[in-house]
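Listed in TrEMBL for this protein:
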DOMAIN    5-270  domain 'Homogentisate 1,2-dioxygenase N-terminal'
DOMAIN    272-425  domain 'Homogentisate 1,2-dioxygenase C-terminal'
ACT_SITE  HIS283  active site, proton acceptor
BINDING   HIS326, GLU332, HIS362  Fe cation binding site
BINDING   TYR341, HIS362  homogentisate binding site
Amino acid sequence: QLAFYMSGFGNEFASEDPRCPGSLPEGQNNPQVCPYGLYAEQLSGSAFTCPRSTNKRSWLYRILPSVRHKPFTPMSCGDLTENWNEKKVDFISVKDFILVHTAHMGLHTVCGAGDSKSRNGIAIHMYTCNTSMIDKCFQNADGDFLIVPQQGEILITTEFGKMMVEPNEICVIQQGMRFSVDVFGETRGYILEVFGAHFELPDLGPIGANGLANPRDFQTPVAWYEDRTVATGYTIVNKYQGKLFSCQQDFSPFNVVAWHGNYTPYKYNLENFMVINCVAFDHADPSIFTVLTAKSTRPGVAIADFVIFPPRWGVADHTFRPPYYHRNCMSEFMGLIKGHYEAKEEGFQPGGASLHSIMTPHGPDVDCFEKNSTAVLKPERVAEGTMAFMFESSFSMAVTKWGLDTCHRLDKSYYKCWEALKNHFNPNWKPSSKPAETLL
């Protein structure tokens, strides 16, 4: 199926299905009678009184308003949870999450922190499924979903239009937006959920006006509608306060003929990321690879950053080029879309993940250290054919029971990748001799 897009990030977009020209009202948002007999409905992604720079809303012009539905009732949450395990975990590694054959996204919560009720926190989920959502859609009232497909493309139908999202692309479905997912076989991926904030482009500072993820490369779907009655009932699944509820209605929710605003779903191809890297010496901090950030109220501190490690050139002289050994005041959740992660080429497979908790030491395994400590330094391609990523958060994340036990994929020998690191200390080491300098 075809999907069409508009270019830009956070723009004031306007779109109408070409089957209904003139369906956007002229000069106002809420006319007494809308064109084509449509209903006007506003979707607010921020408080009315937020500054203009952060005010998010869109106006939807739909065949029937979303208020026409039966009451919501509780439903099973499966492995979707906010019951973070209180057991202390320094680090975990999952070589690859097994594909579980379930429908409607098959959400499994791995870890998280904070609370959706107070609108402050994050959660990380895996999705695994092989069945499309038929006459069913999902709405997250708790926060935004940043979806990272790892295996299998997904066709996402939203109230704003359709998006085809493939591995090595990402998409963001913002709070309150209804969507349905079609899959085309076994499908797996990662989801970063943030409560109480929206994703935005990171500030560039001295980098300047251009670089990293450029706004023009983000894509927002164009309006598309279906006027479809569902006599057997259409199911709306709503995630609210960490639990799932469902209701029934007799029509498709994707009946938006036209819309305008700046609160939209969007997608981005990671191949378009303009990489910044060191060209002299030392290893830059991974913040230079930030695609999107969800800011906290503390300047420079993120609720969550989405960071990638794309193919690039390594040219630094006199430098250990892989990631350095590190203890961090942030939590680091690593995932792998394809290829091999440069700091751990063995044992970390596409579809797997690792979590390094706050202030837990981590870094290259022994093979990576020994190889790169003696390598002849010359310009080389790094991470060719690979795409690793990181969800980094200022929250101290805890792991769910599913992540620790139920998934049965935990690599309990992960710590052994560092056990063979040798003591290279030489108390008799002397600096290399240099030619004497002559003062004239």
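Using N, Cα and C of the backbone, Cβ positions are placed for all residues, glycine too.
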A 10 Å Cβ contact count, applied to the recorded positions HIS283, HIS362: which residue has the minimum?
HIS283
At the Cα level, what's the spacing in Å between HIS362 (Fe cation binding site) and HIS283 (active site, proton acceptor), rounded?
16
Largest tally of Cβ atoms lying within 10 Å of a Cβ, found at which of the binding-site residues HIS326, GLU332, TYR341:
TYR341
To the nearest whole angstrom, state the Cα distance for the pair TYR341 (homogentisate binding site) and the residue listed as 'active site, proton acceptor'.
16
Please report the distance from the Cα of the residue listed as 'active site, proton acceptor' to the Cα of GLU332 (Fe cation binding site), rounded to the nearest angstrom.
18
Around the Fe cation site recorded as HIS326, GLU332, HIS362, what other same-chain residues have a C-beta within 8 angstroms of the site's C-beta center?
PRO323, ARG327, ASN328, HIS356, THR360, PRO361, GLY363
